[in-house]
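Trainee: Mind looking over this structure? Questions follow.
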Amino acid sequence: MTTRKSVLREVEEFRLAVELVELGARLQVLESEVAISRDRLTRLYKELRGVSPPKGQLPSSPEWFLTWRPNVHASLFLSAYRFLMAQGKQSRIRCIVSAYRLYVEHISLIGEDLTLSFTRAWTMLRFLDSGTLVSSTCKCCGGSFVRHKYDLQTNFVCGLCAPPPRAAKGKKLATSAEPFVVPEDLQQTISIEPAAMNRPKDAPLRRMGSLKP
């Protein structure tokens, strides 16, 4: 029975490793989350990707998550992750995987380019766990956004409600009044009120998909 359990456990570990590689996880992420040797993970990565795992350190700057566009993307992922964790139905790494898939789905729905890689999303959660990054609620839209722990700004307003001037440089705002409707199940995943998600294309949330900083 023990042998059977160990075999099934190994199968689950490899299945998870395959998912992580397909989502773009770096080798360091795989080593942290999967109980498989580095040598076997390297061979698995090469088999799935056709190339050796990239070398070098993981992204290590929390400041990246504070710039305008990355902050919006990171905050969307974080809201999905926290929603799934609150349900208590999946392990932490499974919540990360599911939240990232939801993030990718949502970004593709609004026609925006992916900004947050899986490895950066995973790294951001480590910054949050260590207290280097925190989240605050925007006083305008009620969404939860990533901030630095030493950011002393009060009455916080997010980058969607008050985008920086450079965000619109060289790009004309969309003027169509056609609403972007978010699926109900996805509305439940992000901590922004549903009414705030179904606003005109030229409203702050739609700007995310119509501007290039």
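Numbering starts at 1 and runs along the chain as it is shown here.
A Cβ is built for glycine as well, from the same backbone N, Cα and C atoms used for every other residue.
Sharing the feature lines straight out of Swiss-Prot:
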BINDING   Cys138, Cys141, Cys158, Cys161  Zn(2+) binding site
Trainee: Please determine which of the binding-site residues listed here (Cys138, Cys161) has the lowest count of neighbouring CB atoms within 10 Å.
Mentor: Cys161
Trainee: What same-chain residues, at least 6 away in sequence, bring their CB to under 8 Å of the CB of Cys158 (Zn(2+) binding site)?
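Mentor: Sequence-distant Cβ neighbours: Asn71, Val72, Ser75, Cys138, Cys140, Cys141, Gly143, Phe145.
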